[in-house]
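Undergrad: There's a structure below that I have some questions on.
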Amino acid sequence: MTAQNIDGKAIARAIRTTLSDKVKARKEAGQRIPGLAVILVGLDPASQVYVGSKRKACEEVGFLSQSFDLPDTTSEDDLLALIDRCNEDPAIDGILVQLPLPAHIDSSKVIERIRPDKDVDGFHPYNVGRLAQRIPVLRSCTPMGIMTLIRSTGVDTYGLDAVVVGASNIVGRPMTLELLLAGCTTTTCHRFTKNLEDKVRQADLLVVAVGKPHFIPGDWIKPGAIVIDVGINRLDDGRLVGDVEFDVAAERAAFITPVPGGVGPMTIASLLENTLYAAENYHD
């Protein structure tokens, strides 16, 4: 068996085209253009790349993108004050604060300062709580994008044994909630998990998000499984690889996401979807 690649680039491109058409229709109807505020604190190279991609995607679909690039010496109070201004700005539908933040800034306090109706990253406890209560509105972008990828396979998720490796607030925990909502029997594995191999081998649907190259050996993959690799790791030779040993896993899985070109583009596409949702449902 050779797995079918789940092409995140193509799916994200189709989403952006749909969003662009909707923005054009709004303009023609005399409605406001959706707006996204993107806040970057410091000069972390990876964060600068991610933020640049998000700003470019905003412009491609016709959103208004407001950029705030702050020095890493910015105080927590100054950052919170900026968020307050964005919260009250009627031209802004979504606020994105690029993580991680400098050590002197409490990221939890920053996330909670963003108004839930402008929390297009889906990190605010209110929005995570709604997902847990099975009434989601603004969903965490990476898990939301992953669910779009899974749906693209045409596989019925109800009753699948799903395993999530990684329990971060950004991916692992909301991913578990999304899979429960999709009817899976879900196991979440983390650093205290015993017998990880046994659990992975049982997975009809595997999502790995740990940030360690080739953390999951390919021969652990259950034949016919769906494998979603969230990791993106740069090796010493410059290659980008995921958290799963791709070449071996691809010989066993039915569907697998490549790295790069799998999950990454979908995170940005979901951010754009959330921003339009906020504009249409909260701010029009």
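A Cβ is built for glycine as well, from the same backbone N, Cα and C atoms used for every other residue.
Relevant sequence annotations retrieved from Swiss-Prot are reproduced here:
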- Gly166, Ala167, Ser168, Ile232: NADP(+) binding site (BINDING)
Undergrad: Give the number of CB atoms, excluding that of Gly166 (NADP(+) binding site) itself, located within 10 Å of its CB.
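TA: By my count, 24.
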Undergrad: Around the Cβ of Ile232 (NADP(+) binding site), how many other Cβ atoms lie within 10 Å? Please give the count over every shown protein chain.
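TA: Cβ-Cβ neighbours of Ile232 (NADP(+) binding site) within 10 Å number 17.
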Undergrad: Greatest CA-CA distance (Å) over the residues Gly166, Ala167, Ser168, Ile232 that the record ties to NADP(+)?
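TA: Output for NADP(+) binders Gly166, Ala167, Ser168, Ile232: max Cα distance 16 Å.
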Undergrad: Fewest other Cβ atoms within 10 Å: which of the binding-site residues Ala167, Ser168 wins that one? Let me know.
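TA: It is Ser168 that, of the binding-site residues Ala167, Ser168, has the fewest other Cβ atoms within 10 Å.
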